Amino acid sequence: MTGEMSNGKNESCSKIKLKKLCMALLVVSFTLTIFFLSNVSQTEELLDPPQAHIPITKETYIFVITPTYARPVQKAELTRLSHTLRLVPHVHWIIVEDAKEPTALVTNLLKNTGLPYTQLVQPTPASWKLKNNEGRWTKPRGVLQRNIALKWIRENLKHHTKGVIYFADDDNTYSLELFEQMRKTKKVSIWPVGLVGGLLVERPIVENGKVVGFNSAWRPERRFPIDMAGFAVSLKHFLSKPEAKFSIKSEGGFQETDFLSLLTTREELEPMADNCTKVLVWHTRSEKPTLVYEDERRRKGLEPSNASMEV
C-alpha cells in the first residue's frame, strides 16, 4: 500500500515537473520570438513584400526614385548614392531596375545599406534601348522605370499626406543640404543643377522670390528647361494629379517639361537653394571605363578578371 502511494506521488510530481518545463519552454520561445521580431531591420520589413506598409508619421519623408540598369559602373554609382542617402533622415529609396527580375547585385547592395527601400523591376523593350551609334537623346531613358515607381506610390501611399518625391539618378552627386531644402516643398520646388545642359550650371532666374525665367542654352523655349535632378514634388500634390506621369512620346530632352506641365506652372514654382543661388546637385556621371584588355581576355577564351567577384 505504501509502495503504491509512493509511486502515485512520484508520477504526480513527474507530471507537475513536466508541465512546469513545458511552460518554461513556451515562455522562452515567446520571449525569443518577440526579441527577433523587434530586431528585424526596417529595410527587411519594407522589402518583403516590396509593397509592405509604410507607417504614417508626422515627419516629412522623402521618397527617392532611382532608375538603374546593368553596366560596369552600376555598383560604384549606387554605392556612392546609397552612402549619401544613409546620412539623410526620413528617406525611403525606391530603386527600379531595368530588368525582368531583381538582380543579385542590386538586391545585395540594398540589403547592406540599412536604408528603408522598395526594389522594383521594369524592363525596357529592346527596340527602345539605345544602340552604340545612337545619341543619348534619341530614345526615352528611364521613362518606364520612373512610371512604375510613381504607380507604386499611388497604390501604396494614397493615405499619406506628408512626403516629397524626388528623382535621383545614380550618376549624380548630391549635397545633403539639398534634401533638407526639398523637405519644405509645398507643391513643386526647383533649384539649379551643376554641369548639365552644356553649362557649368543650369538654373532658374528668380526675382522677388518668383521664377521669371531660366538661363538654359539648349532648347531654351521649353516651358521647364531643367534637369530631372532639379525639382521635387510634394506627395500630396502628386496624388491630387492622377494624370501626372512621364510619356514615351515626349520629344528628346522634354521629359521634365512634359511631366511638370501636368503638375504646375512657372508662376507656382517654389525656388529653393537660397533663391536658386546655390548649386547642391551636380550631373557628374562616371567616366565610361576602358576595358580593352577585358575584351582581349574574352577573345582568348579566358575568364573575366572579376571571375567569382562582384565589381
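Just so you know, glycine gets a Cβ as well, placed from its N, Cα and C.
Annotation source TrEMBL lists active site, proton donor/acceptor at Glu256. Positions annotated as UDP-alpha-D-glucuronate binding site by TrEMBL: Pro67, Thr68, Tyr69, Asp98, Arg141, Arg146, Asp169, Asp170, Asp171, His283, Thr284, Arg285. According to TrEMBL, the Mn(2+) binding site annotation covers Asp171. Feature annotation from TrEMBL assigns N-linked glycosylation site to Asn275. Marked as transmembrane segment by TrEMBL: 21-40.
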Quiz item: In sequence order, what residues of the same chain, 6+ apart, have a Cβ less than 8 Å from the Cβ of Thr284 (UDP-alpha-D-glucuronate binding site)?
Solution: Asp171, Asn172, Thr173, Leu195
Self-check item: Intrachain C-beta neighbours of Arg141 (UDP-alpha-D-glucuronate binding site), sequence separation six or more, cut-off 8 angstroms
Solution: Leu130
Self-check item: Rounded inter-Cα distance in Å - Pro67 (UDP-alpha-D-glucuronate binding site), Asn275 (N-linked glycosylation site)
Solution: 29
Quiz item: Looking at Cβ-Cβ distances, which residues of the chain lie under 8 angstroms from Asp169 (UDP-alpha-D-glucuronate binding site) while being 6 or more apart from it?
Solution: Thr66, Pro67, Gly142, Met228, Ala229
Quiz item: Including all protein chains shown, what's the count of other C-beta atoms within 10 A of the C-beta of the residue listed as 'N-linked glycosylation site'?
Solution: 16
Practice problem: Would you mind listing, in sequence order, the residues at least six apart from Glu256 (active site, proton donor/acceptor) in the same chain with a Cβ closer than 8 Å to its Cβ? | Solution: Phe224, Ile226, Asp227, Met228, Gly230, Phe231
